[in-house]
Amino acid sequence: MHTPLLDLTGLTREALTSLVVEQLGEKPFRARQLWSWLHVKLAQHLDEMSDLSIDFRRKLSALSTPLRPEVSTHQISRDGTEKWLLRLSDGQQIETVYIPEDERGTLCISSQVGCTLSCPFCHTGAQGFARNLTPSEIVQQVLFARRTLAARDKRVTNIVLMGMGEPLYNYEAVRDAVLILLDDSGLAFGTRKVTLSTAGLLPKMEQAGRELGVNLAISLHAVRDTLRDELVPLNKKYNLQALRAATLRYPLKSGRRVTWEYVMLHGVNDSEDDARLFVSFLKDIPSKINLIPFNPWPGVPYQSSSMTRIAAFQKILYQAGFVTVIRDRRGEDIDAACGQLKGAVQGARPRPPGAS
């Protein structure tokens, strides 16, 4: 029976050590060398790994293959934001976005081809859902960006899982990928530098809190159940009361806050009454709010709230004591802004119950 070849970059350090020692019969230090080549030196080929014996490299070659994505398109926005459309080994395509700032560079990575959810204002959700990404396909976005940007003296300092997909519907792969990103002997992103975003898949959200300890961002978008049922259909399964209760239980590390993402839709969710309901919803939850001017895409029935309306909404939240930021429309001219990513989904499949 044919055994699929591994991509070594998708193995946690523990899994890689087990493979090298138990399956290949090598010493543990060989696993450490291999890990360093993959996640510190960012090697792309076994031939580059000059301090590994030829015999060891032959063993690795027999059971593994690098599944590096190919660049289909690369766009750079007027504001410096960059977007890559990456082709995977099966021909599916995902989008990865780099957002440069003065003191940091944030990489927005995808976790699915398409999205399990079907939020009607989001271009990704409109594409349907094809499949989950593997751990290596998630990690490879970071390795690719680090190599590519380093050649231009740019750094990736922060990771946000806010690209295509609902990360928690692909939790096992996302967990392994995040553990690889966090590993101190490799890419070494601190837990404060990685943000996991979810629309509120509550059982997995609580599991992520226990197992990963990274920053949490929740795509809220409405503070009335009837409206959130429409904008975020997952709300029909896990409503606002359940979401609030789960967030209160979430094991936040000292000094950290939950980030709430709220897209501002003209005449839909942007009233002052909505802002006051938002304040009530956040009671006793250490929170930061990102208000996101809606980024339109062809055929969508929504419009963005005016900046005057957004500022009035912000003022109510701010006066209640919450840090509230109006997010810049980074990358809007290349469709790289929030809600605009679409990739190229082939053979979309039905979504799981409760996702739409």
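Cβ atoms are placed via backbone N, Cα and C, with glycine included.
What Swiss-Prot says about this protein:
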ACT_SITE  Glu95  active site, proton acceptor
ACT_SITE  Cys338  active site, S-methylcysteine intermediate
BINDING   Cys115, Cys119, Cys122  [4Fe-4S] cluster binding site
BINDING   Gly165, Glu166, Ser197, Ser219, Leu220, His221, Asn295  S-adenosyl-L-methionine binding site
DISULFID  Cys108-Cys338  disulfide bond
DOMAIN    101-332  domain 'Radical SAM core'
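What Swiss-Prot annotates, mapped onto the structure for a quick look.
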residue: Cys108; record: disulfide bond; DSSP (3 states): strand
residue: Cys115; record: [4Fe-4S] cluster binding site; DSSP (3 states): coil
residue: Cys122; record: [4Fe-4S] cluster binding site; DSSP (3 states): coil
residue: Gly165; record: S-adenosyl-L-methionine binding site; DSSP (3 states): coil
residue: Ser197; record: S-adenosyl-L-methionine binding site; DSSP (3 states): strand
residue: Leu220; record: S-adenosyl-L-methionine binding site; DSSP (3 states): coil
residue: Asn295; record: S-adenosyl-L-methionine binding site; DSSP (3 states): coil
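The closest partner of Asn295 (S-adenosyl-L-methionine binding site) among the recorded positions, by CA position, is Cys119; the full candidate set was Glu95, Cys108, Cys119. If you measure from the Cα atom of Cys119 ([4Fe-4S] cluster binding site) to that of Cys108 (disulfide bond), you get 19 Å. Here the binding-site residues are Cys119, Cys122, and the one whose Cβ sees the fewest other Cβ atoms within 10 Å is Cys119.
Cα of Glu95 (active site, proton acceptor) to Cα of Ser197 (S-adenosyl-L-methionine binding site): a distance of 16 Å.
Within 10 Å (C-alpha to C-alpha) of Glu166 (S-adenosyl-L-methionine binding site) lie the following recorded positions from Cys108, Cys115, Cys122: Cys115. Taken residue by residue with DSSP, Glu95 (active site, proton acceptor) is part of a strand. Taking Cα separation as the measure, Cys115 ([4Fe-4S] cluster binding site) is nearest to Gly165 of the recorded positions Cys108, Gly165, Ser219, His221. Cys122 ([4Fe-4S] cluster binding site) and Ser219 (S-adenosyl-L-methionine binding site) are 12 Å apart (CA-CA, integer value).
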